[in-house]
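Data first, discussion second: the structure below is written as structure tokens.
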Amino acid sequence: MGKRETACVPSSSSSSSSSSLPRTDSEHRQSLSHSSSSPAASSSNKLPTILQNEEHQKLNSNKLNHKEKDLLWDATERENELTGGLIQKVKGWSKLEALFEHPLYNLPPQSLQDDDWLLRVKKNTEHTSDKGSEEEEKEDSIDADSDWESASEEKGYDKVSWTKEVETHPPWLRFHLGISRWELYDRKDPNLAQLTHYLARQRVLGAVQKTGGTQLKLLMSFPNYGQALLKPMRQSRDAETDVNLFYFSDFERHNGEIAAFHLDRLLGFNRIPPVVGRLINVTSEIREITTDHRLSRTFFTSPAGNVCFYGQCEYYCSTEHPACGQPHSLEVSLAAMLPDLSLAPRRSWRSPWRRSYSRTKLAMWEKDPAYCDTVKQTPPYNHGTRLVDLIDMAILDFLMSNMDRHHYETFEKFGNETFLLHLDNGRAFGRHSQDEPTILVPLKQCCSIRRSTLLRLRLLSLPGFRLSDVMRESLAQDPLAPLAPLLSEGNLSALDRRLASVLQAVQTCQEHHTDVIYNDLEGYDTINSMHEEQNNK
């Protein structure tokens, strides 16, 4: 590759990758969403009540300040407007579209400074006070005419020329440049539809086994220097994990990865890299193009005539546990890669509620009911939002029955003031016939939850939205959905059942504590006051 000047990202970023989001919003709705996300537009939206009836509505009114009480349930009669009324009002809208038009999903964006972006394209200044650093300044910045060119067309890569203009960037690079301190992506970003198409349709240039982890996964390369993480289908989508298996046993699920991304987005977290389903030809798109000799040695043709492979990993990589095409076509999940660690280092944190991974020993949190008191005194959980961030993650894991959350990651650049990355969700949605209450222990022991998270959970419990319904609709947009539902009806109904358990746990906390709600919507209260003042004029 030949460089003139580094316009966006050094060539090492080719190990980072693209991303994709389902086509949740039409272009028409994207324009509506963008307008409603601005502070001015948001000021015209009063956060309506989101509880179904007065008894179920109250968040223990004696423990809330007057402003919060007014904001949460100021008008029970607006229930119809919020649920059925809102959906009927705009003919043809789905529950999913109505959900994403709700004010809770269009809160005013936080103002971002330069340091709040993970990666930024630097610009030249006309004058520099330090003349001695002029050459260094030139190397680190981009003027209007500089670009980054590739001369690797002969190797199968596209010939590209990227400038500082967004229009010249491939979808995966736009995704990387859009990562901020507070979220991995903006749901209303028009680039997300392009990312979906990119992951689902881009020609595969290379495939090698990804190192690390315990199960088989591949790193797929594309002609525009993007990459994606592949997890293959190892069992039928609706196969339920045996209740007698240990929690880190069983295959990781490609549909679990896809569904986890959709659920994370429906909860308003935006902390899982975009994932999309795809049919891969294991012969032409893996076996014939891989340069990984360890991987290529594991291919074989089954007695049924299907092309199979199993790779090399710690668990389930053997001839007894192959991934097989039918005969060549294989369902997979493709996840957008994060920026290369050389560009955006990440820190791995051991979860305080990590399981012991022992068949005989209990973890400390399983033996000490007051364990959270110790956690609250330990950095980084003793200040900021880290504790409620962890509880958000526990709620996500409980809803999708993921017991295998032993670590989580953050971007080092942002220190402790940032969101948690919800990575590696292949254990999700393995069992729907029963719930695992221990996943929810962080919430039950700490009795703390974000106000915005609680309000969205209550919203998703209403018949006018219903978590299972919007999840079904969201998953229907994935490229694999026409073949078969990504989640069984058992898994979808389990979401509603588990959501009710989360809300019950919060209610129990409020019956014994006065400081359960972490109010992260103070700015939105101000906007509602502005709205009321305008209505009074």
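Just so you know, glycine gets a Cβ as well, placed from its N, Cα and C.
Quick look at what TrEMBL lists:
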REGION    1-66  region 'Disordered'
COMPBIAS  11-20  compositional bias 'Low complexity'
COMPBIAS  32-44  compositional bias 'Low complexity'
REGION    126-152  region 'Disordered'
COMPBIAS  133-151  compositional bias 'Acidic residues'
BINDING   GLN215, LYS231, GLU252, ALA335, ALA336, MET337, LEU338, GLU409, ASP424  ATP binding site
BINDING   GLU252, ASP424  Mn(2+) binding site
DOMAIN    299-514  domain 'FAM20 C-terminal'
ACT_SITE  ASP404  active site
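Distance between Cα atoms for ASP404 (active site) and LEU338 (ATP binding site): 21 Å, as a whole number. Summary for the binding-site residues ALA336, LEU338: the Cβ-based neighbour count within 10 Å is maximal at ALA336. Here GLN215 (ATP binding site) comes close to LYS231, PHE251, GLU252, CYS313, GLU314, TYR315, TYR316, CYS317, GLY426: these same-chain residues lie at least six apart in sequence, with C-beta atoms under 8 angstroms from its C-beta.
Residues GLN215, LYS231, GLU252, ALA335, ALA336, MET337, LEU338, GLU409, ASP424 are the ones the record ties to ATP, and the longest Cα gap between any two of them is 20 Å. When pLDDT values are averaged over the domain 'FAM20 C-terminal' (299-514), the model yields 95.
In the structure as shown, the Cβ atom of the residue listed as 'active site' sits within 10 Å of 21 other Cβ atoms. In the shown protein chains, 25 other C-beta atoms lie within 10 A of the C-beta of ASP424 (ATP binding site).
Its own atom aside, the Cβ of GLU252 (ATP binding site) has 24 Cβ atoms within 10 angstroms in the protein chains shown.
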